[in-house]
Structure formats: C-alpha cells, structure tokens
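K.L.:
Got a structure here, written out as structure tokens. Questions coming.
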Amino acid sequence: MKVAVLGAAGGIGQALALLLKTQLPSGSELSLYDIAPVTPGVAVDLSHIPTAVKVCGFGGEDASPALVGADIVLISAGVARKPGMDRSDLFNVNAGIIRNLIGQVARTSPNACIGIITNPVNTMVPIAAEVLKKAGVYNPNKLFGVTTLDIIRSNTFVGELKHLDPATLDIPVIGGHSGVTILPLLSQIPGVSLSEREVAELTKRIQNAGTEVVEAKAGGGSATLAMGQAAARFALSLVRAMQGDENVVECGYVESDGEYARFFAQPLLLGKAGLVQRLSIGTLSAFEQDALESMLEVLRKDIALGEDFINK
C-alpha cells in the first residue's frame, strides 16, 4: 500500500506524515511531496523512526515522482486560515493549488483514492471532481473530502460535557465542512441525552471550533495537530478497507445521490475500491432537520463556486 501526502511540509502534512509513519501497516510506502525544498529532509527525519514503513520525500514544482504507484493520495497543500479569515477567504489561493495538484494526480495516479484536506473542503472537492472529469478519469467512489475533524471534535466536546471517554463515542456529522454546513447528529448518540440548550451550544461550538483554534494561536496558524490526527484516522480506515477489512465506516464528503446537494458529507461504507455505499443519515431531530434545510443554500453555493472555477 502506497500513500502519498501532498503538502507534507506544512503543519497538517507533517503531523499526518508522522502518524502514518507510526501507524501504517508494515511494508507500506509513505511518499511525501511539497513545493518547499525542506520536504526530502522531512522524509529523512521520519525515516529514522523504527517502523517498517518506507518514506521518501520530493520538493519542487513537480509532484509526479511522489505520485507514481500511489494507492491513496492525501492533499493538505495550501494556505492556512489567519484571524479574521473564514474558510471561504482561502478559496482564491487554494483553488489554484488544488487544480494544479489534481491535474498531476490525474496524469500520474489516476486510479488512486483521493482525500482532500485543503480548505474550503466544500469547494475544493467539486474543483477536484471537475478537473478529474475533464481528464476523463473521474471516479466518484474514489474522491473524498476529509471531514473527520468534525467527528473527532464532536466526540471530544460531548465527552467533556457528559464526562465520558471520547474514544468510546462516534458521532456522525453530515452536510459539509465549514460553518453552518457542519451538522453533528447529536440526537444519534446511544445512551446520551442532551437538552435543547446543550444541543444548540454544542452544535455552535463544533461549527466554530476551527475559529477557536485560529484565535487561540493568535496569528500563528490554524488547526494542524487535531487535523493531522483526523486525516490519519480517515486514511488508516481507508487503508484497512482497501486491504479487505469489512464494515469500515467513516463520515466523508462525497458526490451524493443529489437529494440534498451534489456533494454531501454522511456516513460511508468503505471497501477495496474506495466508497462502497453511502449510508443513511437516519432519523433527524426537529433541530437537525431545520439546521439541514437552512444550510443547503450555503452548501450548494460553495459547490457551484468550485464547479464554476473550472468550467467558466
């Protein structure tokens, strides 16, 4: 199994690469790419960690040496949020980066499963889909927006509030991956009941958790460590599924059946070829139903922005 990380010299990329070096199955290959010249050095640094995972690193404009033979490509390249920016402010810079990198993936490793971490995910995934489509290699079962950070934050915040071990929780989060489009299904936690006020406050905190980190870092960056952990969790689940484990389920942002929007985050059954089945979002509470209906216009606009970036 070969996993490539594009954007590997950044805060998320380095955290993700460290976790993959220590947790990928023995015999795996980890391939790191970043435009920054430090990237081969990051690979050398990681290579000293005693696990049976081979690491190589590539810098410069051309990502293709890192992509040859990749089974999974994780993309965290781009600029990070600073105070006062929201994820959509990142669009102007990051859209061009994703267009370029996905073009290289389409040429070099067209059959790889792709996980988009770069924000705004709501818009970057449609950009990736349109680039792959133009290249004639788009497979909707192999393109994922990584929304796992919303799930782990939900687990953490509910665990804190209810004095539970967050590792025992797995709260589904649907919709998208910014602001109001993030909808944690807090009515679906077995054995945990929350008041209306708790639900409203938790939902808001989960939706705004990224801003909480940006402000706490006081201009020094955005969420890199928790995002690295979230991306590693998603990637390792995908690796397990691709190697034949059954019943591997993670939430992710994928091309959907179109009931709510062209792309939608929901629980996914993963398998050897990527996405096997979009699972039901279950029965929503009245609060969740209202939140879902009121976010869809925002989500659809985010998606259209990405489509238009490539097609206009």
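We number each residue from 1, going along the chain as drawn.
Heads up, the Cβ atoms here are built off N, Cα and C, so glycines get one too.
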K.L.:
If Swiss-Prot gives G7, A8, A9, G10, G11, I12, G13, D34, N94, I117, T118, N119 as binding NAD(+), which of M1, M85, M227 does it give for that site as well?
P.N.:
M227
K.L.:
For G13 (NAD(+) binding site), which residues in the same chain are close in space, meaning a Cβ under 8 Å from its Cβ, but six or more apart along the sequence?
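P.N.:
The list for G13 (NAD(+) binding site) reads V5, L6, G7, L32, D34, S76, A77, G228, given in order along the sequence.
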K.L.:
For a quick check of understanding: among the recorded positions R81, R153, H177, which residue's Cβ has the most other Cβ atoms within 10 Å?
P.N.:
H177
K.L.:
Quick check for the class: what is the C-alpha distance, in angstrom and rounded, between M227 (NAD(+) binding site) and R81 (substrate binding site)?
P.N.:
13
K.L.:
Across the record's NAD(+)-binding residues G7, A8, A9, G10, G11, I12, G13, D34, N94, I117, T118, N119, M227, the largest CA-CA distance in angstrom?
P.N.:
18
K.L.:
Given a separation of at least six residues and a C-beta threshold under 8 Å, show me what packs close to A9 (NAD(+) binding site) in the same chain.
P.N.:
L32, D34, A36, V38, T39, V42, G59
